[in-house]
Amino acid sequence: MASNNVAQFATELKMPADVLLTQLRDAGVEKSSTSDELSKADKDKLLEHLRRAHGVAPDGEKKKITLMRKETTEIKQADATGKSRTIQVEVRKKRTFVKRDEPAAEEAPVVVAAPIIDAAEVERRAEESRRHAELMARQEADLREKQERLAKLEAEKETQAKALKKAEVDAQKAEVDAQKAEAEKPVEVKADESAIEEKKRVAAEESKKKAAAAAKEAAKEANEKAAATELARKVVADEVAQIKAMMNAPRRAIKAPEPVAPVAKPAAEGTLHKPADKKPGEKKDEKKPAVTADKKSIKSANVSSTWQDDAKKRSAGIKTRGNTGGGRDGWRAGTKGRRQSHHDDRESNFQAPTEAVVKDVQVPETITVAELAHKMSVKASEVIKQLMKLGQMCTINQVLDQETAMILVEEMGHVAHAAKLDDPEALLEIGAEQADVEALPRAPVVTVMGHVDHGKTSLLDYIRRAKVATGEAGGITQHIGAYHVETPRGMITFLDTPGHEAFTAMRARGAKATDIVILVVAADDGVMPQTKEAIAHAKAAGVPLVVAINKIDKPSANLDRVKQELIAEQVVPEEYGGDSPFVPVSAKTGEGIDALLEQVLLQAEVLELKAPVVSPARGLVVEAKLDKGRGPVATILVQSGTLRRGDVVLAGSAYGRVRAMLDENGKSISEAGPSIPVEIQGLTEVPNAGEEVMVMADERKAREIGLFRQGKFRDVKLAKQQAAKLENMFENMGEGEVKNLPMIIKTDVQGSQEALVGSLQKLSTGEVRVQVVHAAVGGISESDVNLAVASKAVIIGFNTRADASARKLAEANGVDIRYYNIIYDAVDEIKAAMSGMLSPEKREQALGLVEIRQVILVSKVGAIAGCYVLEGVVKRGASVRLLRDNVVIWTGELDSLKRFKDDAKEVKFGFECGLTLKNFNDIKEGDQLEVFEVQEIARTL
């Protein structure tokens, strides 16, 4: 039926009538009451106004489009137990494209306009002009530099020409003067003048000769320097080439020694091994001529001969260091009490040194020192010695972690590769890759998450009661955390994980056990902190969300508020353009339950979930426990394949044959396919929640892998602890032992949390650091106390309180919980606590000065000093410095202090006393003792 008035139109649009009246008035349609009639023109006017307000073109064509892109990556991080966890990181990118308006069809008469240059062309031309300007500037600078150089050369030439012209003028003038004087003076004076001229000419020639000699000497010196540099370079190059040739030369066969030709080149200075100039049979009676060289002389071409000649020198009678056996080499003549052998192995079995062999060492996760030495073909003592050089004391049977072993291999000159060659688990992956089985559709695995007070348990109970047969309803056991429900459109498997322990463990191991998450939110309560935590878990796992807004039957239910709060947490409903369906349900009346299951199945169809059926089963441990009568019991969710009774399964380090299989109703079953939860018995131990379960071909292989995992886990744990101790030691040494004050902060609102965290982190110094382990909004829960126990942190509650269970747990574990209402009180108390963690400042306070006037030596006591107190006071146990000629000789403590024969606590100025120094007797008369004490002063921030 077409709507004729405002009220009917509002009902059709599912919105309040007063809001519709406001929008009509904004659009220019004057309607005063809900009974006013609406025409089609009024509705078109309202629609055009709303489109204009939301940025949509009037003709209905979209002017902009928004694209969202998600990228999921994985990073690995070690947890507190040392196990490696995979954390998924999702990056979202959003880009909006706006369509520009097309130019109008009707325009003014066509006018030939100048060609339009786009921005890229303008930028290119600007860049070209800038380059041209830079080129012109460089050319101008080069031209200016050349002109300056030419001007300088011309100025120098002009100066030389002027000097030459001046010298010629002076010479001519002197000659004219000399002629005049010669005409005026008698003959003997002319003779004197000629002698003076001769002297001047000789002096000028000598100065020219000296200048030429100096220039020649400078040129000669420069040539000598260049020649010396070139000679040194050639010497180094020759030495390098000779050493390389010697190292790469093949080992020679044993043959009779041939006479060595004399080497004409001078011996190298400063070398220990010098080549022999004589033949081996000749005596060395004549002394060698002394060879002196200002520069480094060139070594012999045959460098290896210098090593061979050592034995010949010793056989000729030349004794070297430690060689007391008449030319025998070695540090000792022979073993104790035995005659010395005349056989020299080095003379006959000499081999040229070969190049070091670099090995590729495969390093597993853990390896002992002995195994690592065997892989590198070296002695274990060499490996232990290298470890000691690296600062780690170890034994031959000590287990090293992979990182330490790889560093050690690199230090010893080999190439290390991380490998798992001895890991029997490699066969599991190979077998899984080879299996090619057809995948069939499977049921979705759904995890129900949300706040405990939002009706999650009631919703699950209603689903059980509605979808499980009446006869089977009483057989449901409450401790099983997984069950499946049959619907007309298919089966759904629900996963109930209280506290989300299994969900977190599965996500950490990179296994995607959950396909869809149902987020339960109460309509009257809204989004709570645990709801935010559930949203974060679901986003980190990368699974779609289906939001169930519960308790819609309550009068205080407000769906719009819940939607707005969820939008603030980046959970956008489909009706607003998001990807999360919102379903209002009531666990009390059952309203909306079918629609919720329908949405879950729709999401499963979109995901196209498939798994192989005819193959060995694989799955995950949902939860496990130790039953008194049945032993280890594990609830397993089969992910692929079919699990049958009697199969040999492996779950982590636990293994065994499936002796019994029960479904969620407690009934015995013989097999279970994909997405079916079952409870199995027969394992050797209780596996961890989230461990991967797989069916093995035989029990022997399962036992081998299980025992290997047990040993590897133990070895890795021990190796990690050892490495952590060493790293912490070096880190503390490097940082000066920085102390940490770990904290967990819980506040009432987000603003208080940010302000408190910022204020406390500003208190960090170089010695004490505030470490905020966790900060969140809400009350203090048991999980916060458990985190505080693990991290040894202090819990600060700002306008929040801990619940009864959290208080009980904190009291049992000794966790300190502090409550504050004023932020400055919290900052002041934390500041005081950090001040108490600061190491006290030590200051010396001088007490007195003592002069030693007599020294008495007593056999059993040592040196006793008879002293006179010059200044201050002397106290027993005080620290002293011994001054000799005003130079500090020793610093220590007083051992005893006496006045006459009685022990004295202190001796004041002007009195005499006797004293002894602790572990020091080198005292003389006239020495002075400076007495002081060290005081510790508390520091503040």
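Glycine is no exception: its Cβ is also placed from the backbone N, Cα and C atoms.
Residues or ranges marked as GTP binding site by Swiss-Prot: 450-457, 496-500, 550-553. For 170-209, 271-297, the entry in Swiss-Prot reads compositional bias 'Basic and acidic residues'. Marked as compositional bias 'Low complexity' by Swiss-Prot: 256-269. Residues or ranges marked as compositional bias 'Polar residues' by Swiss-Prot: 299-308. For 441-610, the entry in Swiss-Prot reads domain 'tr-type G'. Under the heading region 'Disordered', Swiss-Prot lists 170-228, 252-351. According to Swiss-Prot, the region 'G1' annotation covers 450-457, on the basis of similarity to another entry. Swiss-Prot lists 475-479 with the feature region 'G2'. The region 'G3' feature in Swiss-Prot is assigned to 496-499. Annotation source Swiss-Prot lists region 'G4' at 550-553, citing similarity to another entry.
Features recorded in Swiss-Prot, as mapped to the structure shown.
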residue	record	contacts (Cβ under 8 Å, 6+ apart)
G450	GTP binding site	K456, I518, L519, V520, V521, Q530, T531, A534
D453	GTP binding site	A522, D525, M528
I552	GTP binding site	A523, L559, P584, V585, S586, E591, G592
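Neighbours of K456 (GTP binding site), defined as other CB atoms within 10 A of its CB across all chains, total 24.
If you take every residue in the region 'G3' (496-499) and average the pLDDT, you get 55. For the region 'G1' (450-457), the DSSP-based tally of helix, strand and coil residues reads 5 helix, 1 strand, 2 coil. According to DSSP, the secondary structure content of the region 'G4' (550-553) in residues is 0 helix, 1 strand, 3 coil.
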